[in-house]
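Participant: Provided herewith is a single structure, encoded as structure tokens, for subsequent inquiry.
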Amino acid sequence: MSETNTTDAKTVPAEAEKKKEQSLPFFKLFSFADKFDYLLMFVGSLGAIVHGSSMPVFFLLFGQMVNGFGKNQMDLHQMVHEVSRYSLYFVYLGLVVCFSSYAEIACWMYSGERQVAALRKKYLEAVLKQDVGFFDTDARTGDIVFSVSTDTLLVQDAISEKVGNFIHYLSTFLAGLVVGFVSAWKLALLSVAVIPGIAFAGGLYAYTLTGITSKSRESYANAGVIAEQAIAQVRTVYSYVGESKALNAYSDAIQYTLKLGYKAGMAKGLGLGCTYGIACMSWALVFWYAGVFIRNGQTDGGKAFTAIFSAIVGGMSLGQSFSNLGAFSKGKAAGYKLMEIINQRPTIIQDPLDGKCLDQVHGNIEFKDVTFSYPSRPDVMIFRNFNIFFPSGKTVAVVGGSGSGKSTVVSLIERFYDPNSGQILLDGVEIKTLQLKFLREQIGLVNQEPALFATTILENILYGKPDATMVEVEAAASAANAHSFITLLPKGYDTQVGERGVQLSGGQKQRIAIARAMLKDPKILLLDEATSALDASSESIVQEALDRVMVGRTTVVVAHRLCTIRNVDSIAVIQQGQVVETGTHEELIAKSGAYASLIRFQEMVGTRDFSNPSTRRTRSTRLSHSLSTKSLSLRSGSLRNLSYSYSTGADGRIEMISNAETDRKTRAPENYFYRLLKLNSPEWPYSIMGAVGSILSGFIGPTFAIVMSNMIEVFYYTDYDSMERKTKEYVFIYIGAGLYAVGAYLIQHYFFSIMGENLTTRVRRMMLSAILRNEVGWFDEDEHNSSLIAARLATDAADVKSAIAERISVILQNMTSLLTSFIVAFIVEWRVSLLILGTFPLLVLANFAQQLSLKGFAGDTAKAHAKTSMIAGEGVSNIRTVAAFNAQSKILSLFCHELRVPQKRSLYRSQTSGFLFGLSQLALYGSEALILWYGAHLVSKGVSTFSKVIKVFVVLVITANSVAETVSLAPEIIRGGEAVGSVFSVLDRQTRIDPDDADADPVETIRGDIEFRHVDFAYPSRPDVMVFRDFNLRIRAGHSQALVGASGSGKSSVIAMIERFYDPLAGKVMIDGKDIRRLNLKSLRLKIGLVQQEPALFAATIFDNIAYGKDGATESEVIDAARAANAHGFISGLPEGYKTPVGERGVQLSGGQKQRIAIARAVLKNPTVLLLDEATSALDAESECVLQEALERLMRGRTTVVVAHRLSTIRGVDCIGVIQDGRIVEQGSHSELVSRPEGAYSRLLQLQTHRI
């Protein structure tokens, strides 16, 4: 995995460079708005226009008031009257702004939430409508989860309040022009002339950022897939000590994202710097001509002030509107990916109106001259002129070598794929012409690897028939021999099964899958190795149940184990893409052809006892009751108690608390900011440089304010020579400030981007490292679903960067501006400054109330969206099951249900936020009115001057904007605080099984002597269900030990405990006489090889999957391991050989091929201890025969633990242990145990023998 993923990560830049910039037209982001949304957007836009226009109107009034100040300095009574009148106008204006800003914020926020909820629904609906081939080639689970969790949030950011914000600033710009033209049209015209330069700088910045954003998203999506794979297959990663491989691959993948972040920082610094620089120089030009016009008598100081200030604020607003372009660019790039899927028309249409329904289905299926290759490997032909007929009501078995195309027959009948040529007919009608939903309603499917969803047992069975009654569900479960073990669970049918059914044994999962298919009561039954995971007792009863349910139905049985199909109506043998033999068992045996050869191969591995089938039912029924029912009930601590609650911590974080493990409760650490700074210590030089840049940027605002206030005073000079001299002086200051702004903004944003990107990368690496340090039991919990964790990994680190790195930059800048402004104000006029200081708490309180209104919703929204990511991830990863059971609408319904919480809360949130924002605006205008009135009062008393009051007032306006901007960052800072808490809850968790324990003894070599001594064990997720009680087992070094017993008896638990996935509650698990808890876990696992029942492969090449077994494996070593596992032959036959990608979770390979690669991986590891959990269950007879010999060679001289349902595969082991009721009830060699006819092993053997 590591090599391929590393290579992929390195090729990302080249691919990204070649890719054309992909972005959606902005208006198309609103494609999912309904009439109410349009009304909300209209009202919100109207509010934004009024709100935006208020500032130029304020300056119009202010300019007239300045004239009242300047022209009435000799008539103090008239001056106070004029100022008081305009102060009242400011209060009225504040009320208008209060209501308009409320409408702007409330309507746009709520509309954005509504539209994105519709987008999420439409996106998942479109994903689920795609044909299965799409998921083989174009979509990975990690990509879908990333889109649902991250891309939709980017779109929401782009179409919510930021649109209102953009309209608001654009209105300020346009209204500024209007007011400017009314006041002094020549100055306004001059202002218009310089705007294109400002717009060009901003547009170039936005264009550059769009390209970088698109590439960055693609790059991180690749990294997210690597993380999701590692977490989803954590048992394989742990077993092969692959944590560092996963981390290295992930690190390599995000390295390119890091470099793109640096570029984005430079682009932002240069973009904003140039925008403000050009704006400053433009203001200098306007100021110069304003002085000329005043001296020529073409205007006065008040009108010039109004025109200039309107132009300046208009220009600044244009620049501020550009700050939203970054969010729009990200939204467009994310929207493109979403809309690409939404608009993609699947090859196989699911539309109910597309196709016809048959009045009656008999079930005759015919393949006529079918040629087929998988879309992912079009050059590898599976079928050539393939012909086969499945008669109505008959059972036909399809057999052949692993990879011969048996399961492909099932996929084509289900219409997961369409043939390249030829026809597939149902009752003489080509299935392409039938409605897809109708077709699949007639078919019941049980796969080789059962796919369950992370919900209750009841809900999983109900996928077969959503409207089924409880009686029907229990009948289906009883028929599948599942009812007995389900009813013994504390919560029965309401028990949660965990992600992919991880809380159940393989047999239990398969029985639930069979119950699901039986509930459907289909006309056609497709059984793809449906009983392969069952123990002898369960298989016997389930096989009888299947025999009953098969009566009267067209049944297609795909089988490796030929003993299960001897009584079918017909058997078809597939070789090299064609049917080479058909007939009954007896007919084919008599031919001594391909089928007879397969039988001989299977007999070589020990299945020789073909008793009279007529005795099967009576004997199995009698014998099934002799086994303890309890032993069938629970695997591994099977199912967890799903009970959990939500609570709000003291710091406002929403927490999910498992009742089974309350000690896991986490809160955002109180000192998280200090810890985050410490975590960021390697970037201190960059942080300091960024801080210096922020401080330098912070001086720009006060400098502008001071020069501006001085210019107002200059406009009332009666000495025109002094006016000209001073104007020239201030113009040069503005030009210098423009050049200064470019450097200051570049230093600020570039260095803070380096700090932020490095912090994000480090946090992501540390989080994944911490996640992969947790014990396996942690991953068994619902809240640690792989899709949820992958989404958390993607968003939390980005939120930390946004809230901390990026926002520290703005806060430092604004705080510098605030401090500088107040120092200047107190020096100029301390009385007015004191009043300003007195009004600030009112302004801050209003904004703080807004912050509090937002704080309570972050947790709810994040939690609900995380759950939607989990549902989407499950739906995609189990897409074949979803498609086969027409469960798209059910998945979509669950998805929409989880979206209701944020939708309901968003209404209240938007209203509250809008109201409090409006209140803060009213406080601002009220404060300004009070200050101006008080200033006029001081002037009238002779204790201050017109110049001082205006200077302090202008400083107030600039400072208030800085405070407002700082406080407006509250939502992002709150979200970042939540994310920091989430990050540290992951980093701080103390794993219960530390793989890197410094005090543990390193393991250089082991003999392989294993002992379980008085072990009590229950799974952490279900501590009340004991798997082992006083369990004792000794396995001598170099010997082979088989473990048998009923499904759920705890066989796989032995292997899990040897791997130390879990620790015992009491007693010891010892290797070479040492408690394994005292041994270094990673060095111990290097000595152990594991092959699981369901092989876990990574989305890499075949070569990399095998090489995963040994660091630095050579090509010859990989090929030798593949030969030993009987995999070299089929691998060599592929066009790309060992470089063939296996697809996500090995989807491009058959079950047998996947298992052989997994075995080759274990062979390459060359372990001292070998753990085989049904290692050959997925193989056909020929492959199993060769592979069994390879395994026997591999087992020589090694301690081997074999978990087996098929007793024929373990007759040659040194010792066999029978597990029942949490203990070893019988132990000995095959011959010794067979000599005890009433023993547990003999009963199991009789069951298995007589089912044949």
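For all residues, glycine too, the Cβ spot is worked out from N, Cα and C.
Pulled these features from Swiss-Prot for this protein:
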type	residues	note
CARBOHYD	Asn5	N-linked glycosylation site
TRANSMEM	42-62	transmembrane segment
TRANSMEM	88-108	transmembrane segment
BINDING	Asp136, Tyr374, Ser376, Gly405, Lys406, Ser407, Thr408, Glu529	ATP 1 binding site
TRANSMEM	163-183	transmembrane segment
TRANSMEM	187-207	transmembrane segment
TRANSMEM	274-294	transmembrane segment
BINDING	Tyr276, Trp283	brassinolide binding site
TRANSMEM	308-328	transmembrane segment
DOMAIN	365-601	domain 'ABC transporter 1'
CARBOHYD	Asn641	N-linked glycosylation site
TRANSMEM	688-708	transmembrane segment
TRANSMEM	732-752	transmembrane segment
CARBOHYD	Asn758	N-linked glycosylation site
BINDING	Asp780, Tyr1019, Ser1021, Arg1022, Lys1051, Ser1052, Ser1053	ATP 2 binding site
CARBOHYD	Asn785	N-linked glycosylation site
CARBOHYD	Asn814	N-linked glycosylation site
TRANSMEM	822-842	transmembrane segment
TRANSMEM	914-934	transmembrane segment
TRANSMEM	949-969	transmembrane segment
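Map these features onto the structure and tell me what's around them.
Facilitator: Outside the transmembrane segment (88-108), and at least 6 residues removed from its termini, the chain residues within Cβ reach (under 8 Å) are 40-41, 43-44, 46-48, 50-51, 54, 57-58, 61, 160-161, 163-165, 167-168, 910-911, 913-915, 917-919, 921-922, 924-926, 928-929, 932.
If you draw a 10 Å sphere around the CB of Ser376 (ATP 1 binding site), it holds 16 other CB atoms from the protein chains shown. Ser376 (ATP 1 binding site) falls within neither a helix nor a strand when secondary structure is assigned with DSSP, and so counts as coil.
Non-local contacts of Trp283 (brassinolide binding site) by the CB criterion (under 8 A, 6+ apart in sequence, same chain) comprise Ile308, Ala311, Ile312, Gly315, Tyr734. According to its DSSP assignment, Trp283 (brassinolide binding site) is helical.
Sequence-remote contacts of a segment are chain residues at least 6 beyond its ends whose Cβ falls under 8 Å from one of its Cβ atoms, and for the transmembrane segment (732-752) they are 262, 265-266, 268-270, 272-274, 276-281, 283-284, 287, 686-687, 689-690, 692-694, 696-697, 699-700, 703-704, 707, 805-806, 808-809, 813.
The Cβ of Asn758 (N-linked glycosylation site) has 20 neighbouring Cβ atoms from other residues within 10 Å, across all protein chains displayed. Under the DSSP three-state reduction, Asn758 (N-linked glycosylation site) is assigned to helix.
All chains included, 23 other C-beta atoms sit within 10 angstroms of the C-beta of Tyr1019 (ATP 2 binding site).
If you take the C-beta of Asn785 (N-linked glycosylation site) and look for same-chain residues 6 or more apart in sequence within under 8 angstroms, you find Ala454, Glu499, Met870, Gly873, Glu874.
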Participant: For the ATP 1 site made of Asp136, Tyr374, Ser376, Gly405, Lys406, Ser407, Thr408, Glu529, how many Å separate the two farthest Cα atoms?
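Facilitator: Farthest Cα pair among residues binding ATP 1: 24 Å.
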Participant: How many Å separate the Cα atoms of Ser376 (ATP 1 binding site) and Asn814 (N-linked glycosylation site)?
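Facilitator: Approximately 55 Å lies between the Cα of Ser376 (ATP 1 binding site) and that of Asn814 (N-linked glycosylation site).
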Participant: Taking the Cα atoms as reference points, how far is Ser407 (ATP 1 binding site) from Lys1051 (ATP 2 binding site) in Å?
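Facilitator: That separation, Cα to Cα, works out to 29 Å.
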Participant: How far is it from Glu529 (ATP 1 binding site) to Ser1052 (ATP 2 binding site), counting Cα to Cα, in Å?
Facilitator: 20
Participant: What else in the chain is close to the transmembrane segment (187-207), if you only count residues 6 or more beyond its ends and a Cβ gap under 8 Å?
Facilitator: 177, 180-181, 267-268, 270-272, 274-275, 277-279, 282, 285-286, 289-290, 293, 299, 304, 307-308, 310-311, 314-315, 318-319, 322, 325-326, 328-329
Participant: Indicate the candidate from Ser407, Thr408, Asn814, Ser1021, Ser1053 with the smallest number of other Cβ atoms within 10 Å of its Cβ, considering only these recorded positions.
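Facilitator: Each of the recorded positions Ser407, Thr408, Asn814, Ser1021, Ser1053 was scored by Cβ atoms within 10 Å; lowest is Ser407.
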Participant: If one looks at the chain holding Lys1051 (ATP 2 binding site), which residues at least 6 apart in sequence have a CB under 8 angstroms from its CB?
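Facilitator: Looking at Cβ-Cβ distances below 8 Å from Lys1051 (ATP 2 binding site), excluding near sequence neighbours, one finds Leu1043, Val1044, Gly1045, Asp1173, Val1203, Ile1219.
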Participant: Ten-angstrom check, please: count other Cβ atoms within 10 Å of the Cβ of Ser1052 (ATP 2 binding site), all chains counted.
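Facilitator: I count 21 other Cβ atoms within 10 Å of it.
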Participant: Between the Cα atoms of Ser1053 (ATP 2 binding site) and Lys406 (ATP 1 binding site), find the distance and write it as a whole number of Å.
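Facilitator: Each residue's Cα considered, Ser1053 (ATP 2 binding site) and Lys406 (ATP 1 binding site) end up 32 Å apart.
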Participant: I'd like to know if the transmembrane segment (42-62) touches the transmembrane segment (308-328) in this structure, counting it as a touch only when three or more C-beta pairs sit under 8 Å and are separated by 6 or more positions.
Facilitator: yes
Participant: What whole-number value in Å do you get for the largest C-alpha pair distance within Asp780, Tyr1019, Ser1021, Arg1022, Lys1051, Ser1052, Ser1053, the residues recorded as binding ATP 2?
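Facilitator: That value is 18 Å for the farthest Cα pair.
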Participant: Roughly where does the domain 'ABC transporter 1' (365-601) sit in mean pLDDT, to the nearest integer?
Facilitator: 84
Participant: The transmembrane segment (42-62): which same-chain residues, six or more beyond its ends, come within Cβ distance under 8 Å?
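Facilitator: Sequence-remote neighbours of the transmembrane segment (42-62) are 86, 89-90, 93, 96-97, 99-108, 111, 163-165, 167-172, 174-176, 178-180, 182-183, 305-306, 309-310, 313-314, 317, 921, 925.
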